[in-house]
Amino acid sequence: MQNGKFFLISFILVILFLLLYLFKGFLLVIIIASLMAVATSNINAKFLNLTKGHKFLASILTTACMVLLFFAPFVYAMIELAKALKNFDINLVTQTLDYVKNYQFTLPESFNFLEPKIKEFLASIDLNSISKQILSYASSFTKSGAKFLIDMVLICVFYFFANLYGTELVIYLKSIIPIDKKELDDVLSEVGNVMAVVLYSMVIVAIFQGALFGLITIFYGYDGILMGVIFAVSSLIPAIGGALIYAPVSLYEFASNNLNSALVIFIYSVIVISFIADTLIKPLIIKWINKKLVKTPTKINELLIFLAMIAGISTFGFWGIILGPAILTFFVSTLRMYVILKDKNLI
């Protein structure tokens, strides 16, 4: 009997290893798609009610919503950026930096002590090195952009199947995992709630910030929709995302002898978008999502979730925005489950 058990466990482990090896090139996109399906399970449930339990149709509608809200802006931004890079003139960057480098300015008397340091810093700017770096980044973007688009398509496909068969898979996993159903439900519920908070807040805040930036750029002759979408996509990168867009735009306006425009765009972006929208309004949006859009408010501190997003990006790249909080949630929920099981003398 023992030999039979040992053989069965060994056989299952070998098959599992082979399965993971078979899909090793798709593991990341499968995990991302699964986590996104968990995060949007309430949307899928609403479509199930709307379609009277028609799972296939509900999964299509849920996937379509995710594509329109999350993936379509990425694709639009990447296509427009690819077009811009195709006609990109490095001389424009060189002229802008050269103008900034040689700009003659005088600081107020109380800040005179800073003037030599600033001029020394500007004089030390190596235009050739910066130009080469920009060309290198542009080349890397072109190469990685195609892979990113392929990943997005695969995520959409796996996301659809996760919505279609997710419920059956979860029920099956619950039946074979040797953990009390209530404790397991608590872990899965916590993961789902955190993923929902992360995903919904990410999308809503990005749209809000993109709209704010798009509005200000319209006044200065830019394509407001394009600038808004690009800013929204960039704002998904914590801390520095928005600055990657408004800083170059402000520098370009400054180098074009539009000092007032440069100052307005820069100050507006820093105060209205980075401070008011991101620092003051974002926590309110997260709190609203936590109360209104998730089944049970998450018990994990928002700051921890934010730090997990940054850590995730540094470890996994862009998709770390989703993976980081998921790993943190699994860790915290597992610790809580361990304490509960220990109190019940089950371990």
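Just so you know, glycine gets a Cβ as well, placed from its N, Cα and C.
What TrEMBL lists as transmembrane segment is 7-36 (among others).
Beyond the ends of the transmembrane segment (56-79), by six or more residues, the same chain brings 36, 40, 43-44, 47-48, 50, 145, 148-149, 152, 155-156, 159-161, 163-164, 199, 203, 226, 229-230, 232-233 to within a C-beta distance below 8 angstroms of the stretch. According to TrEMBL, the transmembrane segment annotation covers 56-79 (among others).
The transmembrane segment annotation in TrEMBL covers 148-173 (among others). Among residues of the same chain six or more beyond the transmembrane segment (148-173), those with a C-beta under 8 A of the stretch's C-beta atoms are 26, 28-30, 32-34, 36-38, 40-41, 44, 55-56, 58-60, 62-63, 66-67, 71, 74-75, 78, 188, 318-319.
The annotation transmembrane segment is assigned in TrEMBL to 193-218 (among others).
What TrEMBL records for 225-247 (among others) is transmembrane segment.
The transmembrane segment annotation in TrEMBL covers 259-281 (among others).
According to TrEMBL, the feature transmembrane segment maps to 302-332 (among others). Within the chain, the transmembrane segment (302-332) has long-range Cβ neighbours (under 8 A, six or more residues past its boundaries) at 28, 31-32, 35-36, 148, 151, 187, 190-191, 194-195, 197-199, 202, 236-239, 283, 286.
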What stretch in 193-218, 225-247, 259-281 has the biggest tally of Cβ pairs under 8 Å against the transmembrane segment (7-36)?
193-218
